[in-house]
Amino acid sequence: MPRLHDHVWSCSGSGAARPHSLPRGMIAAARCPQGSGAPEPAPRSPRAGTAGCGARPGSWHHDLVQRSLVLFSFGVVLALVLNLLQIQRNVTLFPDEVIATIFSSAWWVPPCCGTAAAVVGLLYPCIDSHLGEPHKFKREWASVMRCIAVFVGINHASAKLDFANNVQLSLTLAALSLGLWWTFDRSRSGLGLGITIAFLATLITQFLVYNGVYQYTSPDFLYIRSWLPCIFFSGGVTVGNIGRQLAMGVPEKPHSD
């Protein structure tokens, strides 16, 4: 009997030892799925990354074409309206065969203005990204529309207002142009690009007038009007705001989806 009793206790001891050995087996079994499952996400992440990288260039080019078309169309329409306004006020004079056309303007003026608007509108957000200074001041379409209205008003004032001399008119339009920049832009890149655009556009206009393509009435500054750089400056700021707003809508689409 003692031997049987000892044998029973030995069996119970071995049975009691099994529960102590089970957690180790369970821990080992629990570690196996982690080890086998760990490499699984590794091949998935490169595939997702390559798919995203492959989709980005196509979407970026598609967005670039869309923004270019919108800016080009805006430049064409604005050129037709503002140029017609200046012709009616006898500020800009074209040859007689040009005035006989349906739009009372040279055929090359709207395409050139549209191309310039597309270049300027794409350049503004590009310069902002390179400088690392994203423009976030008044980023809504209502502000952009007000900026367009102010720019049209400045151009209308240049053709309609009568001052004692051109210096007073130029100073007034310069103050209005700087006020437009301060109200709707307030960025150093916008100020620098606006001044650069005004300088280059004035040189191109002087070249065209000097070669007899068209002319201005009462020129007072190297064959042109002295207030013309102010118009180019405010136009550059306006088109730049449109380009920034169009570029700002691009990253918002994935978040909305």
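Using N, Cα and C of the backbone, Cβ positions are placed for all residues, glycine too.
Since this is a predicted model, take the numbers as computed values, not measurements.
Quick look at what Swiss-Prot annotates:
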type	residues	note
TOPO_DOM	1-64	topological domain 'Cytoplasmic'
REGION	32-54	region 'Disordered'
TRANSMEM	65-87	transmembrane segment
TOPO_DOM	88-106	topological domain 'Extracellular'
TRANSMEM	107-124	transmembrane segment
TOPO_DOM	125-139	topological domain 'Cytoplasmic'
CROSSLNK	Lys136	ubiquitin cross-link
CROSSLNK	Lys138	ubiquitin cross-link
TRANSMEM	140-162	transmembrane segment
SITE	Phe151	site 'Required for the recognition of 25-hydroxycholesterol'
TRANSMEM	166-184	transmembrane segment
TOPO_DOM	185-189	topological domain 'Cytoplasmic'
MOD_RES	Ser187	phosphoserine
TRANSMEM	190-211	transmembrane segment
TOPO_DOM	212-225	topological domain 'Extracellular'
TRANSMEM	226-243	transmembrane segment
TOPO_DOM	244-257	topological domain 'Cytoplasmic'
MOTIF	251-257	motif 'KxHxx'
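Distance from the CA of Phe151 (site 'Required for the recognition of 25-hydroxycholesterol') to the CA of Ser187 (phosphoserine) is 18 Å. With pairs at least 6 apart in sequence, the transmembrane segment (190-211) and the transmembrane segment (140-162) have fewer than 3 Cβ pairs within the 8 Å limit; the two do not touch.
DSSP gives Phe151 (site 'Required for the recognition of 25-hydroxycholesterol') a helix state.
Across the topological domain 'Cytoplasmic' (185-189), DSSP helix (H, G, I), strand (E, B) and coil residues number 2 helix, 0 strand, 3 coil. Packing against the transmembrane segment (190-211) from elsewhere in the chain are residues 116, 120, 123-124, 127, 135, 181, 219, 222-224, 228-230, 232-237, 240: each is 6 or more residues past its ends and has a CB under 8 Å from a CB in it. Around Phe151 (site 'Required for the recognition of 25-hydroxycholesterol'), taking its Cβ as the centre, 24 other Cβ atoms fall within 10 Å, counting all chains. Taking all protein chains in view, 22 other C-beta atoms sit within 10 angstroms of the C-beta of the residue listed as 'phosphoserine'.
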